[in-house]
Ligand code: NA
Ligand code: NA
């Protein structure tokens with residue numbers, strides 16, 4: 001019988017949580033469909049960077065992808081609510097909410113623009129790495145920081161008094177090494193994987209953003225699949241996500257150990273003044289998300305319940 | 001897949017512009033795989049959406065302004081005064097200039113564009129055959145990505161999680177080897193064939209000429225200082241350095257040398273835009289072709305075969321070099337690195353090859369690919385600047401390609417060349 | 001025919017100034033980054049101008065498609081004319097003409113998929129300027145349309161002036 005081949009794209013390496021979860025999904029779907037459906041996982045941006053993957057999913061050029069939420073903001077502005085600084089109290093709470101009903105609710109935002117949100121995936125807790133250490137607002141003032149080009153990131157650091165500087169990720173290593181920028185906001189695993197530990201000396205645990213990733217199917221490609229195949233994919237997602245999350249959490253802890261082992265100075269400042277200084281940025285950030293305030297209220301309510 | 005390859009060869013042969021061939025050949029494959037044709041639009045637009053690529057138009061523009069504004073003649077005058085008394089001195093100075101630009105530029109085509117727009121007309125004026133001058137420019141441009149900074153090295157290091165700093169250091173000696181080898185080749189060839197001005201060795205006269213030329217070129221010489229100081233002093237990135245160079249050249253040409261008039265500007269700007277577009281439109285449609293290669297997992301299949309066929313690291317390296325050389329003929333460098341490095345690097349480590357050394361081999365090899373027909377971005381730049389057809393460039397290019405391949409083999413089999421500065 | 005060609009070249013004259021302007025925008029965009037990041041803080045301001053980078057990138061995308069279209073007016077896109085010069089003259093010219101006609105057909109396809117893609121991009125905003133990507137993606141269908149025009153213009157000029165369409169890079173009118 002005919003074998004349907006589905007393409008899953010992501011931008012991380014073959015050692016990443018994306019690849020682990022994607023490979024697991026491929027195995028499970030293969031089993032559930034008795035080998036009728038093969039998911040081929042393309043790592044390392046082989047099918048394009050994040051923005052291109054999103055477009056591909058919308059046009060039906062790929063079937064599945066892992067992507068990060070800030071890249072989706074350009075297409076779904078309401079998702080910008082997830083870029084608000086210190087939106088969640090901590091990493092664990094954020095994971096709980098995103099894997100629960102609140103996460104399900106947010107996935108429905110993908111449908112109208114041609115994508116099916118299958119599940120939220122791991123969160124990247126992002127803090128500031130720098131060669132100019134700071135423990136308070138005064139010391140942070142004026143630092144040139146590379147952040148993701150989304151209002152939730154740019155406005156946050158501007159409100160804190162830093163100078164957000166657009167820099168391509170591929171150029172960031174050199175920029176930090178040469179001092180074109182003083183700092184960047186990244187997750188600990190990126191510091192190891194992309195070798196930033198070689199050029200920076202301090203990691204300030206600001207935990208500013210819990211950046212979510214998400215498993216997405218192309219709506220047109222997904223709906224064209226037979227109903228039993230759709231069901232087999234949906235049924236395989238939770239186990240694949242669980243395995244990927246366990247892998248990421250282990251990886252994240254190992255990264256922290258490695259960061260310390262490499263002699264990076266870890267700074268844990270009092271975050272209250274930073275949060276207070278960033279709060280006014282909420283207005284600017286939410287101005288870009290048409291239903292942002294309502295969604296924020298829903299998230300706050302879900303936090304209170306959890 | 002085979003249909004796409006055959007279609008590409010037929011279109012190249014039928015003189016369909018390379019950019020369009022790369023966009024049209026994948027049509028069959030896309031259709032066969034049920035991929036909507038809209039990916040053509042997407043791949044073409046997305047591949048151009050890069051701040052890094054901006055270096056190309058800016059160095060093209062800087063080159064044109066330097067040419068029209070009187071900087072180029074002053075710099076070349078100095079180069080001629082310094083080494084012009086040797087047969088082939090200006091050609092060798094072209095390579096030296098490329099090596100110098102390489103410390104500013106992370107891109108091969110930008111290096112070729114910057115030195116080419118200045119030196120091709122100048123060399124033609126001084127008794128070098130134009131295709132020979134263009135061949136020098138095309139082949140020395142690749143030093144731009146071997147001597148740091150280097151965009152392909154950054155991409156490689158990020159793709160396989162290796163140290164960018166180490167890879168940069170590893171590129172220095174191979175870059176010098178290639179540069180000096182080519183200078184030697186030019187001097188030998190020019191002496192045998194009588195290219196360039198004849199030899200006249202008169203120390204007192206040379207010293208006087210050098211002093212005069214230095215004074216005349218002083219402000220022009222300041223440009224690399226500003227650009228290099230800017231990059232290493234942490235003021236701007238390599239791409240931004242390109243625009244600073246262009247604007248500095250503009251100010252000098254308009255207000256200091258006063259050889260540039262305001263009414264010349266629309267022509268210079270539009271001409272620079274066109275030259276850049278001729279190069280970048282190929283980058284755009286090459287990404288469509290690369291997309292099809294990826295979906296068929298063609299590179300992976302070849303890489304798997306490579307590792308199955310031999311147990312000797314020496315033969316593995318030879319096979320990898322042969323494979324990359326063929327890939328480099330047809331594929332755009334960055335796309336090739338992104339697709340192949342993650343597959344080849346683990347295999348190399350399994351063979352006990354130092355990962356930094358292997359990265360150097362891959363980057364140097366694919367940099368040679370920028371000079372090999374039919375798809376070679378440096379060739380396109382050189383053709384576009386010299387207004388020559390690619391086949392006119394081929395005969396004088398062959399000795400340079402042979403030299404580059406020889407250097408590549410030395411770099412491959414003498415790991416110390418890459419690793420001496422790293423350790 | 002001469003009137004058509006004159007009309008085409010009027011569009012091309014406009015194209016030339018648009019290209020010059022685009023390069024100015026790229027320059028201002030890229031230079032703006034440096035000035036804002038380095039020069040402005042010297043005067044005690046704390047600013048960031050992330051939009052400058054988007055201006056530069058988007059201008060470059062337009063430059064590429066419009067510039068390539070402009071280059072086609074004189075057949076300046078890079079091609080391998082090895083075979084067309086090796087075969088008998090009339091055959092070579094016929095092959096070259098056919099090559100250009102196939103390019104024109106491909107450009108028509110580019111217009112269709114380009115418009116379709118621009119429509120999909122309409123809701124996608126650029127992160128900083130908040131500009132709809134429609135304005136960026138339209139570079140492809142607009143450029144492809146102008147390419148068709150200039151392929152026609154180039155072949156027309158070859159017929160009127162009795163020129164050889166092969167070896168296009170020799171015929172640069174730059
Ligand atoms: Na370089
Ligand atoms: Na090549």
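The first residue you see is number 1, and the count goes up from there.
Every residue, even glycine, has its Cβ placed from backbone N, Cα and C.
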Checklist entry - Per TrEMBL, which of B:198-216, B:217-235 is transmembrane segment? => result B:217-235
Checklist entry - Mean pLDDT for the domain 'TRAP C4-dicarboxylate transport system permease DctM subunit' (B:6-417), as a whole number? => result 84
Checklist outcome for this item: Given the transmembrane segment (B:35-60), its same-chain partners at Cβ distance under 8 Å and 6+ residues beyond its ends are 23, 26-27, 105-107, 109-111, 113-114, 117, 151, 238-239, 242-243, 245-246, 272-273, 275-276, 279-280, 283-288, 290-291, 295
Checklist entry - Can we call the transmembrane segment (B:359-385) and the transmembrane segment (B:67-86) in contact, meaning three or more C-beta pairs below 8 angstroms at a sequence separation of 6+? => result no
Checklist outcome for this item: When counting C-beta pairs under 8 angstroms to the transmembrane segment (B:164-188), the leading stretch of B:241-257, B:277-296, B:397-422 is B:397-422
